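Notes follow once the structure below has been shown.
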């Protein structure tokens, strides 16, 4: 079966949980539960932000963008993962692989940009609260959304187009239940030097820029908060950043570890790749709605209005 792929029409074989294929149906239960939680949580946040005029502020517009990217990430990996776990449907063509990578990597890159925009939003809100609404106008937020989308295309499209020049000789077995760029190029029997360099450049131009900028933003935020005289005001200012710092941590830590595992962890057991990929693509969509509904008073209040019996 593993030899049906050829150079003109490459075929890839997805992998579920290595060594535990007989238990795939049981692994699908928690996976489906987490996906349902992610989709319901992020959809609910989108709904309450859209329907509550009191939440029509820059912070919640960016939160809506974050929920949209989380929904996109969840839906992008869902079909192939359920296909592997439920029906052992492992075969996927190169074109289908590239399409899935466009959405999966695209939403991931956009989420990184959204988290950077949210860090800037918190910096402006704390540093210049009186000019907050003047600086972050609706038109500028729309422009920021367009820039985030264009930035994703500029970084991602060269990676995907370069895949078409590679030769795949088989057996082309991937490490995950979805197509992941570093995983796909390792299956090539031709030189992947250009692809690897392009992937590294894309990583540097996204997380390599976003992470230091977010760190710098928080250094400036902390400096601004410490200059506030009132301890109560300092506590409230720190409280407005807790949700975002949690979102940053659960997004970037698994992403960086997954990238390092793929580049340098060639001797790592197969289940390490599976575990880190699931942490990266499942935890942020699942945990972000929980974090923001628990730590953000306005979102929590909107949830109570939507589900009054949850008080």
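From the backbone N, Cα and C atoms, a Cβ is placed for every residue, glycine too.
TrEMBL annotations: computationally assigned, not manually curated.
Look at TrEMBL and you will find 23-49 (among others) tagged as transmembrane segment. Sequence-distant neighbours of the transmembrane segment (23-49) (same chain, 6+ residues past either end, Cβ-Cβ under 8 Å): 16-17, 55-56, 60-61, 63-64, 67-68, 70-71, 74-75, 78, 81-82, 84-86, 88, 278, 282, 285-286, 288-290, 292-293, 299, 302-303, 305-306.
Positions annotated as domain 'G-protein coupled receptors family 1 profile' by TrEMBL: 41-292.
Residues of the same chain lying 6 or more positions beyond the ends of the transmembrane segment (61-86) and with a Cβ under 8 Å from any Cβ of it are 14-16, 24-25, 27-28, 31-32, 35, 38-39, 42-43, 45-46, 49-50, 92, 100, 103-104, 106-108, 110-111, 114-115, 117-118, 121, 138, 141, 145, 148, 177-179, 247, 281-282, 284-285, 288-289, 292, 299. Residues or ranges marked as transmembrane segment by TrEMBL: 61-86 (among others).
Remote same-chain residues near the transmembrane segment (98-120) are listed as 59, 62-63, 65-66, 69-70, 72-73, 75-77, 80, 92, 144, 147-149, 151-153, 155-156, 159-160, 163-164, 178-181, 184, 206-207, 210, 213-214, 217-218, 244, 247-248, 251-252, 255, 281, 284 (criterion: CB distance under 8 Å, separation of at least six residues from the stretch ends). Look at TrEMBL and you will find 98-120 (among others) tagged as transmembrane segment.
Counting only same-chain residues 6+ beyond the ends of the transmembrane segment (141-163), those with a CB under 8 A from a CB of the stretch are 58, 61-62, 65, 94, 98, 101-102, 105-106, 109-110, 113-114, 117, 181, 184-185, 194-195, 198-199, 202, 205-206. Annotation source TrEMBL lists transmembrane segment at 141-163 (among others).
TrEMBL lists 200-221 (among others) with the feature transmembrane segment.
For 242-265 (among others), the entry in TrEMBL reads transmembrane segment. Counting only same-chain residues 6+ beyond the ends of the transmembrane segment (242-265), those with a CB under 8 A from a CB of the stretch are 66, 108, 111-112, 115, 118-119, 122, 180, 182-183, 203, 207, 211, 214, 218, 272-273, 276-277, 279-280, 283-284, 287-288, 291-292, 295-296.
The transmembrane segment annotation in TrEMBL covers 271-291 (among others).
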